[in-house]
Amino acid sequence: MAALQPTSLSKHPLSSGTPTQIFGSKVQSGDLLPTQFRFWTSFRSKTGVKLKASAEPPALTRELKGDELKGIMEMESGCDLFDNFELEVVLSFDPFLCLSRENLECYQALAKGQAPKFMVIACADSRVCPSTILGFEPGEAFMVRNVANMVPTYESGPSETNAALEFAVNSLEVENVFIIGHSCCGGIRALMSMQDKEESSSFIRSWVIVGKNAKLSTKAAASNLSFDQQCTHCEKESINNSLLNLLTYPWIEEKVKKGMLSLHGGYYDFVNCTFEKWTLDYKGSIMNGKNRVIVKDRLFWC
């Protein structure tokens with residue numbers, strides 16, 4: 001399908017101003033800015049606690065000499081990347097001491113169980129954390145992240161993604177499944193770069209082949225575009241391919257048909273700082289033989 005065009009315009013989710021609802025839930029644009037600030041403040045401002053490497057069990061202490069000491073020093077120098085980890089934030093975090101009464105009650109409830117309204121399927125890419133983008137708080141969204149935010153078909157067999165789907169839909173009884181793609185996706189680029197008859201033992205190839213139909217649709221609809229533009233097109237087309245794949249799960253389709261579950265697609269363009277959201281029109285898609293996504297409730301934030 002062609003790139004989705006916006007039908008409703010709102011302020012960018014990360015900007016201030018009048019709150020804008022995405023799904024009619026508590027996830028609002030006005031709530032997201034504090035989340036961003038909390039993230040960056042905690043990441044940059046805390047100092048003091050650093051990780052140290054040791055070959056000894058933590059309960060044992062003794063004097064190290066010679067090559068033994070040299071080995072430990074070499075191990076420590078190899079852990080420089082961990083020096084920036086804000087372990088102090090983790091060790092000092094106590095929700096029962098530092099949160100408001102409202103949040104305290106929330107954490108006490110979460111200790112007894114979870115009842116999220118959303119399941120989010122997002123990419124493993126380090127640049128696109130769903131909680132940071134949409135401002136989800138603990139307990140609000142059950143999440144699974146994989147390469148290129150793909151959903152295999154029911155017939156494909158077990159995977160961590162459909163195991164998470166089964167738990168979220170059947171046990172947690174979420175009301176929304178939200179697949180979020182993004183710009184500059186390496187997984188989609190790998191998919192678009194693959195040769196049709198290429199032989200490979202790559203785990204990446206074996207996974208992204210899930211999006212083969214999205215690649216074929218992109219090649220058919222956007223063959224006149226540059227490779228980069230085709231990748232952008234496929235990033236969105238792959239989301240829709242995964243939405244269709246969700247309908248191959250009998251227990252998902254049953255709940256969608258009864259109106260108990262809604263399926264949504266989202267696309268975060270972190271280069272241009274925009275976010276798109278759309279919802280699968282089940283009846284419209286069924287009339288098209290389940291091989292083409294018909295969408296509704298499209299929104300665009302910029």
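Cβ from N, Cα, C; glycine included.
Owing to the predicted nature of the structure, the values given are computational and were not obtained by experimental measurement.
Taken from TrEMBL, the feature Zn(2+) binding site covers Cys123, Asp125, His182, Cys185.
All features noted in TrEMBL, drawn onto the structure.
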{"residue": "Cys123", "record": "Zn(2+) binding site", "Cβ within 10 Å": "25"}
{"residue": "Asp125", "record": "Zn(2+) binding site", "Cβ within 10 Å": "20"}
{"residue": "His182", "record": "Zn(2+) binding site", "Cβ within 10 Å": "23"}
{"residue": "Cys185", "record": "Zn(2+) binding site", "Cβ within 10 Å": "24"}
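Residues Cys123, Asp125, His182, Cys185 make up the record's Zn(2+) site, and a Cβ search at 8 Å around their centroid adds Ala122, Ala124, Arg127, Val128, Ala148, Asn149, Gly181, Ser183, Cys184, Gly186, Gly187, Ile188, Glu235, Tyr268 from the same chain.
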